[in-house]
Amino acid sequence: MKNVVALILAGGQGTRLGVLTEKIAKPAVQFGGKYRLIDFTLSNCVNSGIYKIGVLTQYKPHLLNQHIGIGKPWDLDRKDGGVTILQPYYTEKKGVWYNGTADAVYRNIEFVDDYNPEYVVILSGDHIYSMDYNELLDYHKAKSALATVACMEVPLSEASRFGIMVTDLENRIIEFQEKPKQPKSTLASLGIYVFQWSFIREVLIEDAKNDQSSHDFGKDIIPKIIQTERVFAFPFDGYWKDVGTIYSYWESNLELTRPIPPFNIHDENWRIYTHSKEMPPAYIADSTKVKNSLISEGCEIYGAVSNSVLAQGVEIGKGSIVKNSVIMSNVRIGENCYIENAIIAENVVIGDFVKIGVGEFAESKLNKKVYNSEITVIGMDSIIESKVEIGKNCVVGIDMIVNKNLNSGEYI
């Protein structure tokens, strides 16, 4: 689409993912064995024919920038368009950090102006879904809208986590509440917007002048423009997941191991592209038992794996058992280990006779809001020495060496 530019907001820290985002931005977190979260939004763009893309980064962007590079895996290494990493920078008027989602777009007006598009699509870089943005744009045009917000129904119990909208019979948005304590509906914004560029450009310029604004699309821009302009809700009935918590991240990964998963990463008509290492095929020894699991390239499995997701280059030693767990790339698990209900981040080394996820559940002594399930999380580049036992709902930070037992709920 020659008259469309996509801007992907990828600067989020993802604090609710705890140690998983201590070293990297949330969109760079691995998902589904071989992907990173941003791959799904980038793939949606190119599958929809959008090849002019800006990725707005901020928090710990190094790994994310390295992953995207010049965009070759997504066919974005091109002279006309392609992908551009847009990091915050100093100007004569502004400091270096983006001060909200709307401010991030405002500070990159010149990038969009260079393409002189009719439409701009604003997207989040950390959600799991497949969407043909052509359908969204066609709907936007049919409604003669100045802005369109993709939305879906959510359970009332979850509505306060979202931007919630009230619409009329034509799906025109007449009220918008950002994460309300008492939601008036269950129609939730997915953080996916289409705007007429000439319109939103002026709105952003005016918003930047307002010292009382938080410069956020959900809190400021959408509530303001619905008062006078044609802003519509686009109902989306496909799979969409915000994997913003430890539990939702773990659950969404394990959903992929079902015989018929709710989200299809194997769809030949809507491929998910990624930048991954060239590795040999996985090796599964004759003594191994593997059931309902995703096993990525370069894995060597000598133990038993069930209902788990293994990223590239994972090694599991003889006699070890891995159940209901997400194991990220280049993790080394020794012999005779037992691991259940765990998320183990990249480059972790686990010795022999280690037990993880055992015992009775206990509340987290680190952060009850972030760590509130039976899932134990091991941060990147840590070492768990042989014969260590770690309970349920435990946390091991990044770059740690663990040589003592942790009871359920404890952290190091």
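Glycine is no exception: its Cβ is also placed from the backbone N, Cα and C atoms.
What Swiss-Prot says about this one:
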BINDING   Y98, G163, E178, K179, S189  alpha-D-glucose 1-phosphate binding site
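Features per Swiss-Prot, on structure.
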| residue | record | CB count, 10 Å |
| --- | --- | --- |
| Y98 | alpha-D-glucose 1-phosphate binding site | 24 |
| G163 | alpha-D-glucose 1-phosphate binding site | 24 |
| E178 | alpha-D-glucose 1-phosphate binding site | 16 |
| K179 | alpha-D-glucose 1-phosphate binding site | 13 |
| S189 | alpha-D-glucose 1-phosphate binding site | 22 |
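The DSSP secondary structure for Y98 (alpha-D-glucose 1-phosphate binding site) is coil.
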